[in-house]
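Take a look at the structure below.
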Amino acid sequence: MEENANSGGARQAPPKVGLFATCLVDMLRPNIGFSALELLRAAGCDVEVPKAQTCCGQPAYNSGDDASAKRLARQVIEIFEDFDYLVAPSGSCAAMIRVHYPELFHADPAMRERAERLGAKTFELLSFLADVRGFRPRGVSCKASATYHDTCSGLRELGVKAQPRALLAAIEGLEMRPMEGEETCCGFGGTFCVKYSEISDAIVTEKAENIVATGADLLLGGDLGCLLNMAGKLRRAGASTRVFHAAELLAGRALHAIGEEKP
Amino acid sequence: MTTALGTFKDRARKALGDKTLKTALDRTTGNARVKRAAAVAAWPDFDRARAAAAAIKDHALAHFPHYLEQFERNALASGAKIHWARDAKEACAAVIDICRQAKAKTATRSKSMLGEEIGLPDALAEAGIRRVETDLAEHIIQLAGETPSHIIWPAAHRTREDVSKLFQQHHRDHLLLTEVEAMVASARHELRDDFFGAEVGISGANFLVAETGAICTITNEGNAELTTTPPRVHIVTAGIEKIVATTEHALQLTRLLVRSATGADLTQYTTFHCGPKRAGDRDGPEEFHIVLVDHGRTQMLEEMPDMLRCVRCGACLNHCVVYRKIGGHAYGGAYPGPMGAALTPIFDGLEPSRDLPHACTLNGMCKQVCPVDIPLPTLLRDWRAKSFRQGFESPALRRGLALWALVASKPRLYRAALALALPLLRRRGKDGWIAALPFTPGWTQSRDFPTPAKKTFLAQIESGEQA
């Protein structure tokens with residue numbers, strides 16, 4: 001893996017990227033963080049992982065607790081506003097910062113301007129690699145079949161659709177299988193899945209059936225929350241589909257799927 | 001208004017356990033999605049048409065009083081009578097008054113969601129006026145003693161097998177019919193006498209056209225024409241947000257509305273009703289009344305103007321993962337699905353309906369398919385913020401969120417808390433998975449949860465590890 005279309009020609013200083021790992025990746029799956037780090041470096045970025053980062057505040061925002069959401073948004077803005085880019089391996093956290101921070105501070109012109117400035121340079125990892133850095137992985141192979149679930153926030157708020165597929169197409173031996181309802185929500189919805197767990201279960205049950213019906217070895221996506229939901233359901237249903245964040249595959253770090261602990 | 005029993009969660013649970021409901025919803029919404037997708041794919045300028053449709057509605061709303069007054073003037077000039085109703089009670093009272101003056105025993109009614117919204121079926125029953133629903137699906141749910149579960153297909157929760165049984169039980173001939181065509185013929189036979197015997201016919205309106213004073217109905221079965229033409233009196237009940245400036249605007253919206261609803265280019269009937277029967281007309285009602293209903297709409301103009309663009313096509317219902325699983329009755333209001341979750345707090349109050357805007361994954365599909373680009377997820381989130389501000393959310397949730405935000409805003413404390421909590425959580429894991437989570441049993445009721453990392457990503461970065 002490596003190769004960065006932007007590194008050829010006149011040498012430019014590598015962009016300074018602040019990697020926002022997201023709270024779920026931090027706690028549950030550091031491998032996605034390391035994959036993002038490696039991919040961004042391979043794409044010619046000068047990457048830093050700011051130590052003070054915690055959470056983007058999305059759970060509070062979606063629960064209607066704007067005061068708590070603002071407290072955390074302010075913190076993210078302070079930590080990341082001096083970077084050239086903020087990149088997160090999650091469509092929903094990136095959309096929270098890019099789309100919803102400016103809305104959150106709509107009544108506070110000074111903060112809104114800072115939110116808009118940070119929002120404009122905030123990207124979801126896979127679309128950043130493909131669109132901003134013109135990156136394609138090289139020398140990565142994976143002899144398996146995979147299906148891709150388009151996670152909703154990335155798809156509808158940030159237009160992440162073609163980018164992950166273009167990146168994955170560069171993996172040798174990987175056979176992609178389209179899934180029925182690949183753009184249909186998996187039923188995660190943040191706190192929705194625990195507040196309305198029975199409705200969420202009915203939704204993810206249908207999703208798991210569609211995943212299994214592809215016969216693919218792997219399920220890939222770009223948001224850990226959604227992947228946890230689907231992986232947890234597949235596991236409970238006794239399916240053998242292995243679940244990875246697409247970045248793990250792209251970085252050649254897809255050794256242990258979600259729930260397969262490193263020995 | 002529906003009188004929903006139990007809590008939202010109780011109703012949803014009941015719906016989730018109903019296999020017939022699942023079959024009915026999968027069939028109806030599945031067909032609708034396929035047909036809409038084909039119609040949109042066949043229309044290269046769909047996005048532009050959608051933007052134009054939103055602009056048409058926004059224009060009318062930006063000049064709301066102007067166009068409503070223009071509509072009133074032109075309608076009066078056509079011989080119609082106009083009744084303004086501030087709320088549901090006034091609207092029902094106006095309808096009942098007209099019925100009483102017409103000495104009506106029977107009123108036929110073609111499908112109108114506004115009628116459901118203002119509780120007209122109950123009001124007619126209280127006034128002792130026999131109500132005959134003439135839309136096929138409305139006829140079905142009237143026989144079943146139910147309310148609509150979908151704004152386009154009121155009987156979306158019923159399978160054709162259910163309908164077959166209902167008709168055998170309630171229709172005069174008590175035949176067991178299994179073919180759809182035979183069932184439709186039976187309903188037609190059943191309704192025929194009432195079409196011609198009713199003293200009053202009540203309809204809704206899809207559009208109020210300001211430049212002509214006409215109202216427009218869009219239907220497929222012809223029952224609207226049979227409801228509005230033979231009786232001596234025709235009453236229209238319409239929300240004031242149905243106003244559009246011109247006939248051209250109404251037709252432009254119709255193209256979007258019908259494709260979004262059923263995937264067809266047009267409905268079988270697009271009828272403009274303008275005034276009562278004139279001298280020399282062969283048919284038509286002698287009296288033509290239009291009840292213009294506010295019922296929260298001027299409040300929405302201030303608080304939620306986007307929602308006034310809604311043309312009631314039902315696309316957001318058909319594409320909603322939650323609606324597709326629980327159906328319409330679980331929502332408990334007149335309108336279900338995403339648009340219902342946005343509207344019901346206006347009509348029924350936020351506190352009793354606060355579950356509706358929360359029972360949504362905010363996945364954005366409803367906004368994507370809306371023909372007038374209503375930002376439904378934003379509206380639902382706004383209701384959540386309002387509910388939180390007004391103290392309707394549980395103290396436990398409020399304290400939990402505040403505590404979590406406090407800890408997460410102190411990175412060192414946050415790191416220390418994770419260093420304590422994650423090993424505890426890890427102990428519950430077996431073979432990489434946790435089968436029962438503490439505090440959030442909702443997750444592990446139906447899913448496993450992966451064991452968290454030994455050390456967080458940030459902690460590993462801190463100690464220079466590369467996993």
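From the backbone N, Cα and C atoms, a Cβ is placed for every residue, glycine too.
A TrEMBL annotation is a machine prediction, not a hand-curated record.
The following features are taken from TrEMBL:
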DOMAIN    B:68-293  domain 'LUD'
DOMAIN    B:307-374  domain '4Fe-4S ferredoxin-type'
DOMAIN    B:402-457  domain 'Lactate utilization protein B C-terminal'
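With DSSP classes pooled into helix, strand and coil, the tally for the domain '4Fe-4S ferredoxin-type' (B:307-374) is 41 helix, 0 strand, 27 coil. With a cut-off of 8 Å on Cβ pairs spaced 6 or more residues apart, the domain '4Fe-4S ferredoxin-type' (B:307-374) and the domain 'Lactate utilization protein B C-terminal' (B:402-457) reach fewer than 3 such pairs and are scored as not touching. Residue counts for the domain 'Lactate utilization protein B C-terminal' (B:402-457) under DSSP, helix first, then strand, then coil, are 29 helix, 5 strand, 22 coil.
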